[in-house]
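Feature annotations, courtesy of TrEMBL:
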TRANSMEM  32-53  transmembrane segment
TRANSMEM  59-83  transmembrane segment
TRANSMEM  104-123  transmembrane segment
TRANSMEM  129-150  transmembrane segment
TRANSMEM  162-182  transmembrane segment
TRANSMEM  188-205  transmembrane segment
TRANSMEM  226-243  transmembrane segment
TRANSMEM  273-293  transmembrane segment
TRANSMEM  305-326  transmembrane segment
TRANSMEM  338-362  transmembrane segment
TRANSMEM  374-395  transmembrane segment
TRANSMEM  401-421  transmembrane segment
Amino acid sequence: MRAQPLIRSLWADLRPGSERGRLVRAAGGSSLIKLGSVLLAFLASLLYARALGPHDYGLYAYVIAWATMLTIPASLGLPRYLVREGARHPANIRGLLHWSDKRIAWAGAFAALVLASAFFIPAAAEARWLFLIAAPLPLLANLGALRQSLLQAQNRVVQSQWAQLLLAPALMLTALIIILLWSGRITAMELTALLVGTSVVPLIINHAQLRKTLEDSHQSHQPTPASIRQGLTFMWLGMLYLINSRTDLIMLGALQGAESAGVYAVTSRAADLVAFFLAASNTVIAPRIAGLYQRGEHAQLQRLISGAAMGVFLLTLPIALIFALFSHQIITLFYGPAYAAGAVALQILTLGQLFNVLAGPTATILNMTGHEHLSTAGVGISVVINVALNTLLIPHFGVEGAATATATSLITWNIVLWYWVRNRLQLRPSVLCH
């Protein structure tokens with residue numbers, strides 16, 4: 001692109017009254033919140049890793065991975081379903097929330113029982129109290145997610161995110177620092193309890209933000225079999241995605257022990273930085289994709305996707321290069337020599353995440369155009385590959401084997417979804433196709 005057209009495009013993105021200007025500002029706000037969240041998570045992981053050590057941090061990460069995995073089936077797919085239905089029927093938000101809360105309460109109680117049952121499993125004896133303390137996490141997370149989804153359905157994306165992504169982590173980090181200054185140490189049990197306690201904060205704030213909307217909306221909501229099926233499809237999609245992202249840590253902990261899991265946990269968290277701009281962009285463009293597709297505005301939809309894909313790639317490339325070239329220095333500088341074994345794994349995971357960005361917002365496109373079943377199938381294929389490769393590679397290559405399995409499954413998933421977007425929707429999601 002020549003200089004003048006590029007300048008005109010950038011100016012169009014910044015005009016206050018333009019649609020593109022509103023999207024850019026929303027994306028900028030969401031990006032700043034996510035950037036703050038990533039920085040807080042990065043600082044927290046440094047503090048957790050150094051305060052607990054590889055073994056205890058590995059136990060903590062292992063338990064939280066299980067709690068996070070159970071959060072997806074316990075959600076019943078309702079948070080994503082509410083984004084769509086809340087936007088379609090804004091006067092019925094109160095009924096949607098009431099209907100969803102009842103189902104989430106039962107599902108969350110069951111997930112809590114599953115986590116608490118680990119207390120009686122001999123193989124989990126070392127982490128039994130952590131599992132028991134973490135039992136409420138799926139319920140708290142999903143009750144908060146319902147309220148965030150309804151806020152996002154009203155185009156209040158930034159308002160829906162700050163409490164969960166900024167306030168709760170900041171409170172937990174502050175409490176942890178106070179404990180360390182007071183007693184000089186912290187245990188994995190205390191850290192897990194802090195996480196549970198701070199998870200209540202965004203739930204309360206998001207509910208308060210919805211109060212005016214709830215007062216103005218109707219109570220009734222009559223779900224149809226189709227709506228329930230759609231919710232369950234999103235549930236399976238979310239669960240498969242989470243399995244694909246957590247299989248490495250869980251299998252590594254089971255096959256190689258807590259220390260390897262601790263090393264891999266910090267490496268994986270660092271690699272997540274590479275895809276952070278992609279996640280921020282997807283949150284903002286998702287409802288816009290749905291609207292343009294419904295109105296049949298194919299050319300404008302392609303321009304939106306192309307602009308988002310190019311912008312995300314240009315922002316991501318410097319991060320990926322730094323992580324690939326200086327992985328050992330980054331790991332040892334921020335986490336200490338005890339985690340140096342994760343340097344090669346960081347390079348491998350960075351490569352996988354960079355390909356994820358290159359492919360473009362493939363899953364978001366499919367989900368927002370009524371093709372979420374294709375996203376589910378694509379992620380399902382990558383899960384099978386991920387589990388198989390982790391089983392084969394972890395016993396021989398440890399942390400590097402887990403990273404290779406995860407990166408390979410991520411690349412496979414994006415190739416499959418890119419193919420379906422290109423052939424089913426005649427859209428070009430990747431920066432490589434422009």
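Glycine residues also receive a Cβ, built from the backbone N, Cα and C atoms like all the rest.
What TrEMBL says about a protein is an automatic prediction, not a curated fact.
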Please report, as numbers and ranges, the same-chain residues at least 6 past the borders of the transmembrane segment (374-395) whose CB is under 8 Å from any CB of it.
233, 236-237, 240-241, 243-244, 247-248, 251-252, 255-256, 363, 366-367, 401-402, 404-406, 408-410, 412-413, 416-417, 420, 424
The transmembrane segment (162-182) versus listed stretches 32-53, 104-123, 188-205: most Cβ pairs under 8 Å:
32-53
Surrounding residues of the transmembrane segment (305-326) on its own chain - C-beta under 8 Å, 6+ positions past either end:
9, 270-271, 273-275, 277-278, 281, 285, 289, 346-347, 350-351, 353-354, 357-358, 360-361, 365, 427-431, 434
Using a threshold of three or more Cβ pairs below 8 Å, and leaving out pairs closer than 6 in sequence, do the transmembrane segment (401-421) and the transmembrane segment (273-293) count as in contact?
no
Who are the long-range neighbours of the transmembrane segment (188-205) in its own chain, taking Cβ under 8 Å and residues 6 or more past its ends?
48, 52, 56-57, 59-60, 63-64, 127, 129-130, 133-134, 136-137, 140-141, 143-144, 147-148, 163-164, 167-169, 171-172, 175-176, 179
